[in-house]
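Since the structure comes first, as structure tokens, the remarks are kept for the end.
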Amino acid sequence: MTWLNKCLLVYATRSQRSLKREMKMNKKAVILLSGGLDSATCLAMAKAKGFDCYALSFDYGQRHNAELQAAARVAKSLGAIEHRIIKIDLAGFGGSALTDANIAVPVDGVENENEIPVTYVPARNTVLLSFALAWSEVLKADDIFIGVNAVDYSGYPDCRPEYISAFQAMARLATKVGVEGSSLNIHTPLIRLRKAEIVTEGQKLGVDYSLTVTCYQANEAGEACGVCDACRLRAAGFAAAKMADPTRYANSMIHE
């Protein structure tokens, strides 16, 4: 090999490495961001992996729509490239304590762990992931992040690992990018984590949990009830992690 050929080979190798680094640095991901504890941590984890994060939230008729303001705060705090809030009407169907005013949010804990809770919103994750899939195609993003976790999939059918795998397989079959050979991936970095592990990880990544809203029936100011299942799980998670929970409660006597 001549000296010139060696120089050209070295240059080509370095150029390929540089291109790979550039592609990795500019890799895009769509993050489903509700404004709660889990999705905020999920966004931080995607950011830490080097993704350019595009946050996607939904005004779907949920009674706790204060979480949308929280989502905007979290997206800004964690440096999302763009944050969109899409309006859809799942309340038109009802069928959940989160979308139907006639169904009360449970405040006495789960009575039967083998039953799906009334806070399950019919087909919600399928609908939301479908929107995320559409945006990811437009962005030419091969990655979607969703913050489902072990606590959720014990009660919600659309938070189970099997469901995520099935949706990912469908997405690869049903999209232009999938048919053309791109490998679309749905990431669930919290799937095996408990709440204490999630908040511990989030703290390491600099998540400001005071910006989040978890409560199923938070008021317009984002103040929590302190007695619904979501509030109980959040409080228990912070307690187990031996961390102060910055939740603001509507009743100042709660968790004092």
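Including glycine, each Cβ sits where the backbone N, Cα and C put it.
According to TrEMBL, CYS225, CYS228, CYS231 bind Zn(2+); the candidate from CYS159, CYS215 that the record adds to this site is CYS215. Summary for the binding-site residues SER39, THR41: the Cβ-based neighbour count within 10 Å is maximal at THR41. The ATP site is defined by LEU33, SER34, GLY35, GLY36, LEU37, ASP38, SER39, ALA40, THR41, CYS42, LEU43, and by the 8 Å test on Cβ atoms against their centroid, the other residues of the chain that qualify are ALA71, VAL74, GLY147, THR212.
DSSP assigns LEU37 (ATP binding site) to a helical segment in the three-state reduction.
CYS228 (Zn(2+) binding site) is 15 Å away from LEU37 (ATP binding site) when you measure Cα to Cα. Shown in sequence order, VAL105, VAL107, THR214, TYR216, GLN217, ALA218, ALA224, GLY226, VAL227, ASP229, ALA230, ARG232 are the same-chain residues outside CYS215, CYS225, CYS228, CYS231 whose Cβ sits within 8 Å of the Cβ centre of the Zn(2+) site. Listed in sequence order, SER39, ALA40, CYS42, LEU43, ALA55, LEU56, SER57, ALA71, VAL74, ALA75, ALA80, HIS83 are the same-chain residues six or more apart from LEU33 (ATP binding site) with CB atoms under 8 A from its CB.
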